[in-house]
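The transmembrane segment annotation in TrEMBL covers 20-37, 49-67, 215-242, 262-283, 295-320, 424-448, 507-527, 548-570, 604-624, 660-693, 713-730, 785-810 (among others). What TrEMBL records for 26, 33, 269, 301, 364, 367 is Na(+) binding site. Taken from TrEMBL, the feature disulfide bond applies to 132-141.
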């Protein structure tokens, strides 16, 4: 029936299950399976790499694959509107996924343009990359594919292969950096136009055209893969290549980077986090067995990856044998456009194998590209169905989309285009972005929508209930593994370089982070917007299920942990170990101008000694706990006993302290475990734990929540008091303080979290017995000291100056050298970023806000202190704060020389420090050598 203009078209379905299977196979089985997986496998321990790979398959790959497919089939909606129906609070996950798809469409098709360029030249009588006689070749060109391999080792080191020169000088016409954009490569541009035209007509009629095209594009690559596999296995040297591919190195499993790359490969290969599976599943009929389909497709995906490795490395083994070089030298270069083209040039009938190879590359990439376009189109059309589903409107919108992407890619076909391409690949579509989305996706569906409810949905659609392991993954394993991987990807972050030598300019890194954060921030940003705009209670907005969701306070807590807690913990630990001095004299050696920070920290520690009164109360309670009946009524003063205990714990310095802590630092964990077990077995414990962790995301809008999280981190991690500096000054110089710091910070936060379960399980029991809500309580002089003398504002202030003094005056780079000299390992770049920018900025904002939001202290919300008490409180607070600028001004005033000389003297570290001595010796040695040479 002919459609009239303006008529709303039906959304449609796949005409058969085969179309769905082939479409999903088309997007999940691409270049990453054929090239990236084999490369990662050999690079990360061969057969041993399959262990982390399978761990991620089971904990993240298959569960999320089933989840996303079922979400689409259940809602019959695209990647954005499906969230609107399932969990409106998490709709930002859908928008973020489509933004990543958009970025992917803006750069991925360039690979197909390069492959088409190679395919055209594969029909030449002589493959152009098999010769050094072309106009683009240099004097250093060497044809490694020829039979003349008698060149000496020195010549090979200083030369460039003809294949590499074809790739760099002919295809890319590579400039010296991203700043030098250069001219457009018109031949690559024409190839790009051809690929966009093909992609347009593959999806212009929606699933009606896509479902037909995939019969060829998703199956023919397998024919080519089998042909290349058989050819590869029959080549001399193939066995050595396969052994190199799979030879296990179990020791590599101890490297976190191996696990990170296995996880990233799964998320990319399975097309998770971007709603591709959701959109493709949405065109299924409601009763399609998506459970069975998901399992088979995951098996097909991983099997293709493994088999492709045999095809690739059998050829690389032949190539290595032909050249007489190790296989790792062959595999180190780009597999798709350098290594394999070089290998086919060595075979008989090279044109035939080159044509087969590049047809396979084009079809693998073409599937991924046009199915991604279909995903984006569907998601946007489902947002505006009344406009975009009218007859003819889809084709026009698709054309606009293609033209927009094409023009955005013009910079990538210039001489500097490869640098831009890598920037998109490394940042805009990075594994970290996908991991972040998958954390929230699994939490939203596992806890807010509810894993149990999702099981009911799948059972209703397929008449079979998934294995219980899927519920375990959706609720616990998948978000946990994804979160750990996301955090590790940030900790292990290294700025992008090109070919290991070209360092991008700062503005390029800023652009890269902007691309990455544009998708990441959409998730919390959208959630916040919905909570702010929507009417009704939080429960009505989130459709909260009966599951328990982690407390919202953990978000600001973790932000302060990573931006202030861990960086300052490492900084102070390293300062003490490096200088072998206490909390004041260490500043005298590192940065005399900031010595006031040491005095201020010790003054706060002095005030903090009033903490001993809590121990007196505890001892008092302990003594009376041995009574037959607990009295809790007597008020005799027993605090002198506590001071005596403290005196004898430290009277011999570290000799006595080091022995005492074997008991005092470990036995509390035994007691905590006992109380935790007892607490969790009490009636009402569950209500207490729920009260402890029940989230109120709306509270995240309150800056006071973030302030209290920051204060907790500074006190809990004991930073800025100088206590870490003093304790670590007793370490051996070569102690690995970097590793110790990370483990101690983890122990601290984990203890806080676990202790909460012990405390609130008992409070839940108590509230249950009394029939009252769980609440709080407080004391006078004690609270005055706690609120003013040792408050968070004082610590924030010291933190600002400490991080500025060490990050800028002493120098973050120099501190990295110090830690590397002590531990033989260089900290992650993230610490430098924190010391110089994040920590002082976050601390300064927290300090200013604590002053702006200051409220006079009250006791139990009703007792107002007299004015002299408030004056005393402010005097206690300012006594530490004013010490920092006051000390700096005094040192500047009483210093010798002019202002510049005084500044230089007060900002210079002590010349007798270990690393400073080494640097001086090196400089003196260089000067002496120069003088001797001049004399000669």
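All residue numbers here begin at 1 and follow the chain in the order shown.
Quick reminder: no glycine exception, Cβ is built from N, Cα and C everywhere.
Curation plays no part in TrEMBL annotations; they are all automatic predictions.
Since this is a predicted model, take the numbers as computed values, not measurements.
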Secondary-structure category, per DSSP, in which residue 132 (disulfide bond) falls: coil
Round to a whole number and give the Cα-to-Cα distance in Å for the pair residue 364 (Na(+) binding site) and residue 132 (disulfide bond). 31
Under 8 Å Cβ-Cβ from the transmembrane segment (295-320), and at least six residues away from its ends along the same chain, one finds 21, 24-25, 28-29, 33-35, 37-38, 41-42, 53, 57, 61-62, 65-66, 222, 225, 228-229, 231-233, 235-242, 244-246, 269-270, 326-327, 329-331, 335, 339-340, 342-344, 346
Around the Na(+) site formed by 26, 33, 269, 301, 364, 367, which additional residues qualify by having Cβ within 8 Å of the site's Cβ center? 25, 27, 28, 29, 30, 31, 32, 304, 368
Quick one: Cα separation, residue 269 (Na(+) binding site) versus residue 141 (disulfide bond), in Å? 36
Residue 132 (disulfide bond) versus residue 367 (Na(+) binding site) - Cα distance in angstrom: 35
Return one of helix, strand or coil for residue 141 (disulfide bond), based on DSSP. strand
Applying the under-8 angstroms CB criterion, which one of 215-242, 262-283, 424-448, 507-527 scores highest with the transmembrane segment (20-37)? 262-283
Roughly how many angstrom lie between the C-alpha atoms of residue 26 (Na(+) binding site) and residue 141 (disulfide bond)? 38
Looking only at residues six or more beyond either end of the transmembrane segment (215-242), which have a C-beta under 8 A from one in the stretch? 18-19, 22-23, 25-26, 29, 34, 202, 304, 307-308, 310-322, 327, 347, 353, 356-357, 359-360, 363-364, 366-367, 370
Please determine which of the binding-site residues listed here (33, 269) has the lowest count of neighbouring CB atoms within 10 Å. 269
CB contacts for residue 301 (Na(+) binding site) [other CB atoms within 10 A, all chains]: 25
Using a 10 Å cut-off on Cβ-Cβ distances across all protein chains shown, tell me which of the recorded positions (132, 141, 364) has the largest neighbour count. 364
Determine, to the nearest whole angstrom, how far the Cα atom of residue 132 (disulfide bond) is from the Cα atom of residue 33 (Na(+) binding site). 32
Spacing of the two Cα atoms, residue 301 (Na(+) binding site) and residue 141 (disulfide bond), in whole angstrom, works out to 39
For a quick check of packing: other C-beta atoms within 10 Å of the C-beta of residue 367 (Na(+) binding site), how many? 28
Rounded distance in angstrom between the Cα atoms of residue 33 (Na(+) binding site) and residue 141 (disulfide bond): 32
